[in-house]
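Per TrEMBL, these features apply:
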- B:153-336: domain 'ABC transmembrane type-1' (DOMAIN)
- B:474-657: domain 'ABC transmembrane type-1' (DOMAIN)
- B:13-34: transmembrane segment (TRANSMEM)
- B:112-130: transmembrane segment (TRANSMEM)
- B:137-155: transmembrane segment (TRANSMEM)
- B:161-183: transmembrane segment (TRANSMEM)
- B:195-217: transmembrane segment (TRANSMEM)
- B:290-310: transmembrane segment (TRANSMEM)
- B:322-339: transmembrane segment (TRANSMEM)
- B:359-381: transmembrane segment (TRANSMEM)
- B:454-471: transmembrane segment (TRANSMEM)
- B:477-499: transmembrane segment (TRANSMEM)
- B:593-615: transmembrane segment (TRANSMEM)
- B:635-653: transmembrane segment (TRANSMEM)
Amino acid sequence: MNYSAIPSAALAIALSISTSNAEVESLDPIKITTHDWSGQIITTTIMGEVLKRAGYNIEYVQADYIAQFAGLKTGDLHVAMEIWETTGREAMDEAIETGNVVSLGESGMIAIEEWWYPSYMEKVCPGLPNWEALKECSEEFSVAETAPLGRYLGAPVTWGGFDEERIEALELGFEVIHAGTDAALFAELESAYQRKAPIILWLYEPHWAPAKYEGKFIEFPPYSADCYQAPATGINPEAAYDCGKPTGPIWKVAWAGLGEKWPGAAKAISSFNVSNAEMSAMITKVDLESQSVDAVVGEWLKTNEDRWNDWIK
Amino acid sequence: MSIHFPNGLRKPVYFWLFLFTCTWLLSNYSFTLYKALGARWIIKFPSAWEWQLDVWISSFMTWLVEDAGFGLFTFRQLTRFLSALIEAPYNAMRALLADGFNSGLGQHAVEIFPAMSWVAITLLLVLLALCVGGRSLALLVGGCFLYLATFGQWQSAMVTLASIAIAVPIGVIGGLVLGILAYRSERFERLQRPVLDLMQTVPIFAYLVPILFLFGFGPVSALVATIIYAMPPMVRVVLVALQSVPEPLHEAGRMAGCTPRQMMWRVLLPSALPTLMVGVNQVIMLSLNMVIIASIIGAGGLGYDVLAALRRLDIGGGIEAGMAIVVIAIALDRLSQAFTKSDSSPNQSFGFVRSKPLLYFVIALMVTITMALLGKVWPVVQNYPEPMVLTTGRFWDEVIKWININFFEVFETVKTALLTYFLLPVKRFFVGIPWAWGIIALGLAGWRVSGAKLGLLCAALAGAIAANGLWREAMIAVYLCGVSVLLATAVGIPLGVWAGQSESANKILSTLVDTLQTLPSFVYLIPVVMLFRVGEFTAMVAIVIYAMAPALRYAAHGIREINPQVIEAGKVSGCTHWQLLWRIKLPLAVPSLLLGLNQTIMLALSMLVITALVGTRDLGQEVYIALTKANTGQGIVAGLAVAFIAIIADRILSALAKSSQARLGLVT
């Protein structure tokens, strides 16, 4: 937090004793958004800390994942580090179309999301993770509200995913129950896992859950754009969505004015790149081993000094 | 006083029976009817007639944000200016309490003065408590703030406290101004009343998006939303307080030759002060209720900690941060109540706070500076030492796990039975009601309890819901709230009656109820999901937990307020304990019970948006979807629909309460 009334004398002192010598284009703070999941905060903090070392001023602003686009368009916010192909594509495209938001490329992480089950279900439903096994044992997943259909716990309605269509197209005996938020999704998984009770649900990566719980993603027929659009493609010639979900990159986006005001920062953000494995390891440390984000990010910065020095060159 | 069922009761019974039978028949056979007549309009509002209200609102909003102007400046510049006006004191307050005053930006920043240390803040609040409320209050307040320090919640708590410290004065002053205007001009009051109703009943999620557009991202938007939500009770309290100033005081003021302004500031407001403080208290409590929602749009602080903890399924962390909100609420509530209660300080030696507030500020300044200097020598004084932070760790997770493993089957059985024999039939009933009949039935009900005016209002509001294509979602909302309210009153009223008759029960229950109301519902929403799975049943459990409080409170209040002479008379005429309860106490408490019911319904409706997070498919979900898609129009229309349901329920129940009061001869 910066107290806005800055006496110029104090500013002069501040500048003279500052530890960073790098010349940057503007000392105005670059506002980077944070959301409410650890992975995104880790990504953002890595970027923020790297930029700080390059001499930029960084302000982390907490904002809603979708609502932030309104701020990015007007320049209230400057950078968003994680826009998932799977959940944010629509909003991102819409924003980029206005010309006020630009994409800074992929983050190196790939978003994976699919139906997921805990390993102990393989005993009652042999043949998993092949999706065809689900045809035989959908009843194993049923509860009072859905019987005789199996219960598939889907993501919040707004996340899309076409699971109702997929069930129809692949003729699976399941009913989709939508969780309202992903916290509810994982609460149910935790509960079922404790009791070793049947469950099949939507999960995504990078996330701590696949690290904490033993299980696998269902292997559906591989995704293709045609499968989603043309009914003729795929196993069921009469229906679209007869395949798995697409995977896709996690994107970085920024306010269109970023490159002009802070060209060096824009270049650094474009170069930012971490892998799923790295991210999953960091998320696990934060969410499951209760380490602080700052500590985990600090460790990463120490071990990867060459990499991030390259970004800000 | 005699208690008797009036003869007229027979007729209303027939009326309600008739209305219910018609509704039940139509609900049951609407689908058959539609098939037989081929008239789809029976079950679904014709889309050709649907209003495009959401589209209009969205485009109005776009115009407001992008084009609207007043010549010299645009509308957005105006709101951004307001935003800057709020941001400056907020930043200062936050620097004072949490971050310290810095000069320069980012890593060039140099600390000019540190944030107030935890020792200083705790000491000063304890001193304040000692002055206004005596030793026991001082102990309570001290305990509350020590909890914040020892459980590692201090930093977040101070961020939250900073936003409360800005939102409350703005809410209070705004409420005061609007209340005085309403008192002076009846026309203004009439115009303002429906606006206040909407401010209290439209779910906050519904207007978060436009606020973000207008006030920008960050804490200011959260503050604005908090103020909108927390101000209405203050306006109402101010109006009531001014209106109930006794006539002789007016007289005295006039005789002393007061101008209208002197009359207001020297006579009316001072004499209404105790009541006004009730309003202040309400503003504080409602602002704290908003902490979680405010954190969704960037207020940070404790609300954010609760959300973040629950996202990683750290139930203990969620409870600890949630309890921090509760203890702040308790400390501020008791402090503000102590200000209200005593005019003369209970503690003479510390009575200077009232008579010489300036002296307190001087002491505060000195303590702050001393502690800041000491903090430079001993860092422990500035920041509570990390290794001494207590935590319940995984204790709560283990508790839930144990319950989950051992009792899940029991819960499942109860849940299935309730779902099959209670929830689902009620749901079928409500969802089946054809929209056209729903409008007529509500109109009839309103007309019956109060008159043609209320009947027309009810029908019009119901019609507006249908015309926006939200009838089905609204009926699911009514069903969910209906069953929850039924269960909440079934549990709350007996407990309240018990609390009304036994002082010790009252103490325990009111603490419990206070905690349940200030503890953010997110904290228990996640464990409830673990035990009951995602779905309407979980939503119902969460609503019942939250909405039970007023049922209990008003029942206890109603029983306690009964004229003791009436009870004495009952005893003299030989009533047994149960007869006393059933024949005298409960009938006399009916108006109070109805008020409690009214409040329970309001709270249940306000939970709808929260329960959307566990996967309900009602109006709350509509609002939530609109929020995540940043669709202003959709959110506001769904929010208005919730408000309309609330207004219909409120008006009908208020009319019922009034007529039952009149019947019991309780009207003064």
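Just so you know, the numbers here start at 1 and follow the chain as drawn.
Note that Cβ sites are derived from N, Cα and C of the backbone, with glycine treated the same way.
Against the transmembrane segment (B:635-653), stretch B:195-217 shows more Cβ pairs under 8 Å than any other of B:137-155, B:195-217, B:290-310, B:477-499. Per-stretch counts of Cβ pairs under 8 Å to the transmembrane segment (B:322-339) identify B:112-130 as the leading one among B:13-34, B:112-130, B:359-381. Through the fold, the transmembrane segment (B:454-471) approaches residues 45, 47, 49-51, 53-54, 435, 438-440, 442-448, 619, 622, 637-638, 640-641, 644-645, 647-648, 651-652, 655 of its own chain, all at least 6 residues removed from its boundaries and within a Cβ separation under 8 Å.
Among residues of the same chain six or more beyond the transmembrane segment (B:112-130), those with a C-beta under 8 A of the stretch's C-beta atoms are 95-103, 137-138, 140-142, 145-146, 148-149, 154, 158, 331, 334-335, 338, 347, 350, 353, 360, 363-364, 367-368, 370-372, 374-375, 381-384.
Outside the transmembrane segment (B:359-381), and at least 6 residues removed from its termini, the chain residues within Cβ reach (under 8 Å) are 113-114, 116-117, 119-120, 123-124, 127-128, 131, 352-353.
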